[in-house]
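See below for the structure under consideration.
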Amino acid sequence: MILPFLVLAIGTCLTNSFVPEKEKDPSYWRQQAQETLKNALKLQKLNTNVAKNIIMFLGDGMGVSTVTAARILKGQLHHNTGEETRLEMDKFPFVALSKTYNTNAQVPDSAGTATAYLCGVKANEGTVGVSAATERTRCNTTQGNEVTSILRWAKDAGKSVGIVTTTRVNHATPSAAYAHSADRDWYSDNEMPPEALSQGCKDIAYQLMHNIKDIDVIMGGGRKYMYPKNRTDVEYELDEKARGTRLDGLDLISIWKSFKPRHKHSHYVWNRTELLALDPSRVDYLLGLFEPGDMQYELNRNNLTDPSLSEMVEVALRILTKNPKGFFLLVEGGRIDHGHHEGKAKQALHEAVEMDEAIGKAGTMTSQKDTLTVVTADHSHVFTFGGYTPRGNSIFGLAPMVSDTDKKPFTAILYGNGPGYKVVDGERENVSMVDYAHNNYQAQSAVPLRHETHGGEDVAVFAKGPMAHLLHGVHEQNYIPHVMAYASCIGANLDHCAWASSASSPSPGALLLPLALFPLRTLF
């Protein structure tokens, strides 16, 4: 129930808020709806081509509330009110919901979810590339329970494959593409318990270089996990935390180079200048590690040393598209999640906007005729925005009212829990006395926690390209890679494409149509 004085205050604020002149005319809304209807009717002609290429964009922690807030921010960055803005992912014709729970967790983590949307099976919290028979931290439950990913399926089919992330390349999301680990935190052997080492388990950085030796493109952070203990970092020479971590003395970057065929062109780069100086037409393998740990937030990024996510995606695509058999590319906007965990909504939302820019870049470099693009999140966060804000209100601004309990203002953005819980003189902090628009401002939270938590609600799945219509309702998260594999005729779906081709010799554009009409359960 809204109290009368709040109704009056809100009503006055909304009456005085900005309304674009064109939106006062009913014909504007009718014309907009008719255009949307025409586009929807075109979807009756399904794209049943074979997906030569697959691009998966994963916004770590990019729940629906984050998508909406990022949409408003993107518009406001272009000096618009924001609400009417369309993200690149908003333009995708097919949208579904994904159920994100892990096999042992109602509210999931990024490791178990990555195993689901990359390997096609749900798994326990904290484990990557293994089934639910593997228990977290228990190395001896790993063997025999490994599961492979769509990156492996694509490579086995002769496609080029790549990983681009704003986290370290051995973090939860990318690691499920190539590793099998009972613990997502085993970044190098330095983070592993003696028992796990004695039982023969390998750290995730080691597995990156050894499990699938011919990953064509790897870009992100994580340099320190590749070098021997205390090796000085090339960029942060005086920072002890940036030094190498490996206890086994291995130089994994040298090992990566040694695995590449001599007649191929392989390049290791560690800064933006080196990356952009490359001629992608003369690059067969690329390893780019731009930070000792995770990459910098987009708002903090050094333009000389750190490439943007969009720049990494562009270089990756120029390399991968050279393969006539196509490619699979995993792109992670991984620091959306970190911003939320720290209660720094401005950092998180700018990360989401940058990922949307990368989605747009990929769209200009590929075609929906032969490229399936899927955008989704692994999980949500307890992030929200509300308070009856008027149209065009800064997404980082104050709500147009004060609390009817403590008589203090509050920001539109709030968290259910996290580090933003602050008490001053026994009362909730008065946010009008702080710089709530600061890049690192921690939005207020209801419950005090050092790190804000994930949310358990469903997340959106956006899809365009061949067979995108198979993402159409509410799905288990592990369904996603099965759709991508089906569209591309790889993995468990290799045979059905061969059968369709030999049975009727259809044109490439119609290759999957006969099978697209059968229930998917008959194919797996």
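Just so it is clear, glycine is given a Cβ too, placed from its N, Cα and C backbone atoms.
For the Ca(2+) site, Swiss-Prot gives Phe290, Glu291, Asp306; the one candidate out of Glu191, Glu195, Glu235, Glu427 that the record lists there too is Glu235. Of the residues Thr173, Thr453, Swiss-Prot puts just one in the Mg(2+) site with Asp60, Glu332: Thr173. Listed by Swiss-Prot as binding Zn(2+) 2 are Asp337, His341; the candidate from His210, His454, His469, His472 that the record includes in that site is His454. Between Cys139 and the candidates Cys119, Cys201, Swiss-Prot records the disulphide bond with Cys201. Ser110 is the residue among Ser110, Ser308, Ser394 that Swiss-Prot describes as phosphoserine. Other than the site residues Asp60, Ser110, Asp378, His379, same-chain residues with C-beta atoms no more than 8 angstroms from the centre of those residues' C-beta atoms, the Zn(2+) 1 site, are Leu58, Gly61, Thr100, Pro108, Asp109, Thr113, Ala114, Ala172, Thr173, Asp337, Ala377, His454. Note: the Cα of Asp378 (Zn(2+) 1 binding site) and the Cα of Cys201 (disulfide bond) are spaced 26 Å from each other. The residues near the Ca(2+) site, meaning same-chain residues not in Glu235, Phe290, Glu291, Asp306 whose C-beta sits within 8 angstroms of the mean position of the site's C-beta atoms, are Gly221, Arg223, Trp270, Asn271, Leu289, Pro292, Met295, Gln296, Asn302, Thr305, in sequence order.
Among the recorded positions listed here, namely Asp60, Ser110, Cys139, Cys489, Cys497, Asp60 has its C-alpha nearest to that of Glu235 (Ca(2+) binding site). Among the recorded positions listed (Asp60, Ser110, Cys201, Cys489, Cys497), Asp60 has its Cα nearest to the Cα of Asp306 (Ca(2+) binding site). When the recorded positions Asp60, Cys201, His379 are ranked by how far their Cα is from the Cα of Glu291 (Ca(2+) binding site), Asp60 comes first.
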